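K.L.:
The structure's right below; bear with me while I get my questions together.
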Amino acid sequence: MDRMDNYKQLIFGAKPKWRAILTATACGASVLVLLLKWFGHRQSWKKIQKAKVRREKSLQRAEHAVCQFKESHPETDTSLILSLSLAELSKQLKDGTLTPQAVFHSYMEKTLEVNRRLNCCTEVLLESWDQLEDIDSHKDGILYGVPVSIKENIGYKGHDSTCGVICKLDLPATGDSVLVEVLKRQGAIPFVKTNVPQGLQNYDCGNPIYGLTLNPHNPQKKSGGSSGGEGALIGGGGSVLGIGSDIGGSIRIPSSFCGICGFKPTSNRLSLRGVSSCIRGQKSVLSSLGPMARDVDGLALCMHALLCDHMFTLDPTVPPIPFNQQVYQSSKPLRIGYYENDGYAMPSPSMGRALRETKALLEKAGHTLVSFSPPRLIYAMHELVIRGLLGDGCTTLLSNLKGGPVDPCLRVQIIPYSLPRTVKKILSILLKPIFPRIAASLDSLRGVGSVQDLWRQHADVEDYRHEVIAEWRRCELDVLLCPMMGPAYIHNYPGKLTSTLTYTILYNLLNFPAGVVPVSTVTAEDEEELRHYKGNYGDIWDKLYKKAVTGGEGLPVAVQCVALPWQDELCLRFMREVEMLVREDKK
């Protein structure tokens, strides 16, 4: 108490001279803080402008090169080249029917056109022209002459991998990531980097550096994320093959939204060396690199090319398991588990219909369909996924967002992240009687409290994984068919709707390979049925979801195919079966 009195005496009992000094010091400190903030924002703005100029220059140089090629090669049939599947394109490149130069410039021209409409590219890789000149030295490569787009966070020497955050700008990679090295060895030409959401932990696709990416089927809708630039570019016809990353659906969601095929392999089936992240070190929910293409054969061809001795040598931590073509090409009947509603997020009418129609096609083709329910999904979502993915109470992710503006697509999502742990707990208690799902999610955002809690959480993840596998074995399943988030959302909704991630992020937690196949489009009947949508909980999230997917008539709708860990080829084989049956049904 005496100390407080002394303090008050110092402040209030000081002579006018000292009071003036103290006041001036306080004002000076405030001005200094404001100046530092202003200086920091100015530096961030300069970095952003520099990145935009760099992108614009690369686009202009690419456009100039395309014009020069077209003038000197007027015989090039660009429309024919762009119409070919990856398998057909690769075959014609191999037998000399097409030249790598014609293919490369055709896709570069289309990429520039798609980017003008959708803003899906962050930078053209001008080094790709140097690689094109030397391409015949890789004629034996499985992907000889194939232009490949890569997600922005995948390392390419001399280029940034920002993850959409300003603190990672002007930090170019000192070498290629392992996957880029392998692509080049196999004759592929990485030619452009594609857009991502700020921080990557979001299934939107916008950031303060490169702006917002739009959906190729409807500019009022999202492209999905975090591999949203890839989804938009491939869905818009500007790339025949792309590489994305997936920690909660980041390959599968944009594939679903944009009407293409996407595959998330078992984690570490493909090397992650040289790939940038904003939550590196987190081990509860696992990330994977994987291919995105127009068809399943394109995904399989890419996996076949990447699973080679060169990758296993560059990254010895990757199990040296080559692609099993025999499993992929098998035609034996499958025992397929399925579920239409996981009990957490009720699917939209179009999602449910797509699942039922696909199930019927599979049964008609002679496969056995068995009802399956993922055990304890609500527990898994809150205690294992959210508490594990943001185990540090969101500190690492938030630290990566400092030093610049937060993108509108992320702003609502991170508001609860920024709250103190105690406030999160109090709010979760208050909300529990009214919105139990939201309350449980908010409590999980507190993360884990200690190293001991973290170890226990990792043990719980391991136990849950084996619990699901045991149920899978009890049902004697080969593979699993389940809904896929969709159709594409209206702008500004993904950041408000983390609830619908259950359909995808569960398989990152379990580390099961999973892929997406488009099977239908939204109908007028689906839209009419959506008017009566209530959801499983009838809470804010269910009401927001209904608004998010409204107005989707004509948009693509997909299903998700899943297999057990390391059975990636079986998952792809199942995806190909679905694709083939849907294609035949539409004839």
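The backbone N, Cα and C atoms fix where each Cβ goes, glycine too.
Note: TrEMBL annotation is automatic and uncurated.
Note that the structure is a prediction, hence the values are computed from the model and not measured.
Annotations per TrEMBL:
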{"type": "ACT_SITE", "residues": "Lys151", "note": "active site, charge relay system"}
{"type": "ACT_SITE", "residues": "Ser226", "note": "active site, charge relay system"}
{"type": "ACT_SITE", "residues": "Ser250", "note": "active site, acyl-ester intermediate"}
{"type": "BINDING", "residues": "Leu200, Ser226, Ile247, Gly248, Gly249, Ser250", "note": "substrate binding site"}
{"type": "DOMAIN", "residues": "105-572", "note": "domain 'Amidase'"}
{"type": "TRANSMEM", "residues": "20-40", "note": "transmembrane segment"}
K.L.:
Looking only at C-alpha atoms, tell me how far Ser250 (active site, acyl-ester intermediate) is from Ser226 (active site, charge relay system), rounded to the nearest Å.
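P.N.:
The Cα atom of Ser250 (active site, acyl-ester intermediate) is 5 Å away from the Cα atom of Ser226 (active site, charge relay system).
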K.L.:
Which residue, out of the binding-site residues Gly248, Gly249, shows the minimum number of other Cβ atoms inside 10 Å of its Cβ in this structure?
P.N.:
Gly248
K.L.:
Other residues near the substrate site, CB within 8 A of the CB centroid of Leu200, Ser226, Ile247, Gly248, Gly249, Ser250?
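P.N.:
In sequence order, the nearby non-listed residues are Gln201, Asn202, Tyr203, Gly225, Ser227, Ser245, Asp246, Ile251, Ile253, Ser287.
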K.L.:
Rounded to the nearest angstrom, how far is the Cα of Ser226 (active site, charge relay system) from the Cα of Ile247 (substrate binding site)?
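P.N.:
Checking the Cα atoms of Ile247 (substrate binding site) and Ser226 (active site, charge relay system) gives a distance of 9 Å.
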K.L.:
List the Cα distance (Å, whole number) between Gly248 (substrate binding site) and Lys151 (active site, charge relay system).
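P.N.:
It is 16 Å, counting Cα to Cα.
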K.L.:
Please list residues from the chain of Lys151 (active site, charge relay system) whose Cβ is under 8 angstroms from its Cβ, counting only those at least six apart in sequence.
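P.N.:
Long-range Cβ contacts: Lys193, Thr194, Val196, Ser226, Ser227, Gly229, Glu230, Gly242, Ile243, Gly244, Ser245.
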K.L.:
Where's the emptiest Cβ shell within 10 Å among the binding-site residues Leu200, Ile247?
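P.N.:
Selected from the binding-site residues Leu200, Ile247 on minimum Cβ neighbours within 10 Å: Ile247.
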K.L.:
Taking the residues Leu200, Ser226, Ile247, Gly248, Gly249, Ser250 listed for substrate, what is the greatest CA to CA distance in Å, to the nearest whole number?
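P.N.:
About 11 Å separates the two most distant Cα atoms.
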